[in-house]
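Notes for the one structure printed next.
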């Protein structure tokens, strides 16, 4: 029986980078006889333009029925002035919540070919390989109550809520420990337990879960210190587990240690490893339509999809190898370009990966 993959290109550069990722996926599908069937739909601003909402019910139903979802990016200035509850980003939050995608895996890997593109000195960044495990469906992005009220003195006051239950913390902690167990057996839990009640519970529950993983070394770090340590000595980290907002911020910070956020894929998984896969970067409306966006993060998201949702490690390894081959050839989009390399556009980069994959 075939596996169903739902393609959601989204907004901005989303359609451009997705086109290249789909070419790679289609070749892998043929080369390794994967039995995938691909279908396409809209999300974010594109869905607002078509349906009036950032995620139509029928699209959500198709996502539920699919075996995996491949997403481009959402958002753009065109929709910045509309009501917050129907902005493009709400479609992304909704699909994550409705599919139960609570575990977000964000790798930060510095390819040796891109050592000069890192914001850090080579001796600090060389060999960097961090995995950030971010809780994705709880915390301050979903907490209630939230809103804006007018005080007695006439001044407006806005407020948000950062709730976490024991079960929410426990399940994401287990993802972190499981990932650490198959990597370097080191897990750093990042919180703000010196200030936040939610972080105090977070730390307590993570300590409880740690008893089931005696082979994994657990450490704790406050988020402000973690942000500093990522720049000072990033290779001290192997796997980081943290909450929604902290993970959002730290993973973007970690991305620049690798040279470009355009290189970084991500996976969002449910309890059964059904997932949605997307690049870490946004929709980059400033370069949309110019054919210069880096498609490698989206292509590497395909590799993560094959690995984590389907256990197709041979095909996943081949895609990652093809990307490495292209980098060895000196091909670079503008965001990772350096002297002595050849600057290429979105389609050229995608074609090069396809050619490399075909020749493996």
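Quick reminder: no glycine exception, Cβ is built from N, Cα and C everywhere.
These figures come from a predicted structure and were not determined experimentally.
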Looking at Swiss-Prot, which one out of 62, 64, 134, 203 binds substrate in the same site as 96, 106, 224?
134
A correct count of other C-beta atoms within 10 Å of the C-beta of residue 80 (NAD(+) binding site) gives 11
Could you tell me the C-alpha distance between residue 224 (substrate binding site) and residue 192 (site 'Important for catalysis') in angstrom, no decimals?
8
Residue 88 (NAD(+) binding site) has how many other Cβ neighbours within 10 Å of its own Cβ?
27
Whole-number Å only: compute the distance from the Cα of residue 192 (site 'Important for catalysis') to the Cα of residue 134 (substrate binding site).
15
Spatial neighbour of residue 84 (NAD(+) binding site) that is closest, considering only the recorded positions 96, 134, 141, 248, 252 and their CA atoms
141
